[in-house]
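Asker: After the structure tokens below, expect a handful of questions from me.
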Amino acid sequence: MGAMLNLLLVVTVILCSILSPTRFMIMIDKMVADGYDPLDPFGKIIIKWDLLLSSPGQHHVQVTLENMQEYRHVEKPGWKLSWHWLNQEVIWDMKGAETTEQGNCSAFASSGNLPHCCLERPTIVDLLPGASLNVQVANCCRGGVLTSMSQDHANHVSAFHMTVGSSPDGPEEFNMPSNFDIGVPGYSCDNATSVSPTKFSTDKGRRKTQALATWEAVCVYSQFRSSPSPKCCVSLSAFYYQNIVPCPTCSCGCSSSHCVKDGELPPYLEQKHDPDEEVSPVVKCSDHMCPIRIHWHVKVNYREYWRVKITATNFNTMKNYTNWNLVVLHPNLKSVQQVFSFNYKSLTPYQNSINDTGMFWGVQFYNDVLLQEGKIGNVQTELLLKKDMGNFTFREGWAFPRRILFNGDECVMPSPDDFPRLPKSAHSSSSSSAVISSVSVVFCFLLHHLLLLV
């Protein structure tokens, strides 16, 4: 992996030298827009189709959605999987999920039973919790919610079964559909490709069966596709700096008549709530106009440690953020000693060669829900870090994070020029202390030798 990183660095230098700065930045922006995340380089959602049984005109399929992302999850209202049938196939039966519409099934009126769905492009949704046992399958019925691998590995997979039939005039063999979409803003999917058949364990692992055929489609996330504007911002402060560095002005937009002013009641009753659609944020009026603000405060300086307080505040009057998470990039996170009131996991996507990224999330039933804007619409933690004497300093804004993400979306940071700085007296006092210390050592050395001569 070290060799790969070195090769990547060399390629970057070469590209910088042969391309103009503008063209190079356009290329980097395209990589980001296409869904590459350097903090989670292997993150993706995989749609897997397993053909379990097949007979002329009828095919039994298991479809699985697996969230392979470390910290980005699919929250309510959940995924809505759709695709395009190539030969007007129909879905006769489903378990673990259902289509949102049946469509026109008049071609099968004489068959006695109508198919579950006859649409050329069906939209499938997960069943809700509490669905009848006779329609459940393993890993179903969570309302389309997919947790991230780091935060809740047990619930990062959804699955359903269906029986696919041919149209009256269509071919009898099974054909994979195309043009997949999971119905979550920011995600784009490629077409399915054939992979090695999935193997299933039975009889407590003593026997393995396998699918007749397996295909996979990959979906990746891009924040640029998800939203035209950012969703969070960062403010900074420190014990040695008298002012708070606020979020940059208009980080997520500029003030308008759509925000909620102090003393006003949020327009809950005026909002049209579709349970199958995410509610648009209505934020409290502020200079930054972001639904979420993250505040990083350098709180205490000890001899061998230092302490930071992190606060996430919800300015969105329309939404509680369930199972929220934060991802922070800072070089001293490799020396985290203790995290109070949050869960914490170090993220090392490059095989432990770099350990400067950490993920924070709430404790279940305590602070795993960030409530809507109000007096209790915040969560906070403190973390204790051991000083790395090789590079630790409070100078030049080193104590502040390089990047912060909330629920997988990049937050707008203040400019490094605006970071809290040590007062000039601290620089001069440290220099004076060094001089005084040196003079004291020399004085003690001379005094010792004078006493020996006496």
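From the backbone N, Cα and C atoms, a Cβ is placed for every residue, glycine too.
Note that the structure is predicted; figures quoted are calculated from it, not measured.
When I checked Swiss-Prot for this same protein, it listed these features:
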CARBOHYD  N104  N-linked glycosylation site
CARBOHYD  N191  N-linked glycosylation site
CARBOHYD  N320  N-linked glycosylation site
CARBOHYD  N355  N-linked glycosylation site
CARBOHYD  N391  N-linked glycosylation site
LIPID     S429  GPI-anchor amidated serine
SIGNAL    1-24  signal peptide
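Could you place these features in context, so I can see how deep they sit and what lies close by?
Answerer: DSSP assigns N104 (N-linked glycosylation site) to coil in the three-state reduction, outside any helix or strand. Listed in sequence order, C118 are the same-chain residues six or more apart from N104 (N-linked glycosylation site) with CB atoms under 8 A from its CB.
Secondary structure from DSSP puts N191 (N-linked glycosylation site) in coil.
All chains included, 13 other C-beta atoms sit within 10 angstroms of the C-beta of N320 (N-linked glycosylation site).
In sequence order, L333, K334, S346, T348 are the residues near N355 (N-linked glycosylation site), counting only same-chain partners six or more apart with C-beta under 8 A.
DSSP assigns N391 (N-linked glycosylation site) to coil in the three-state reduction, placing it in neither a helix nor a strand. Every protein chain shown contributes to the tally, and the Cβ of N391 (N-linked glycosylation site) ends up with 9 other Cβ atoms within 10 Å.
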Asker: How long is the line from the C-alpha of N391 (N-linked glycosylation site) to the C-alpha of N320 (N-linked glycosylation site), rounded to the nearest angstrom?
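Answerer: If we compare the Cα positions of N391 (N-linked glycosylation site) and N320 (N-linked glycosylation site), the gap is 39 Å.
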Asker: At the level of the C-alpha atoms, what whole-angstrom distance separates N320 (N-linked glycosylation site) and N191 (N-linked glycosylation site)?
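Answerer: About 35 Å separate the Cα atoms of these two residues.
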Asker: Restricting to the same chain and to sequence separations of six or more, state which residues have a Cβ under 8 Å from that of N191 (N-linked glycosylation site).
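Answerer: Listed in sequence order: S178, N179, F180, A217.
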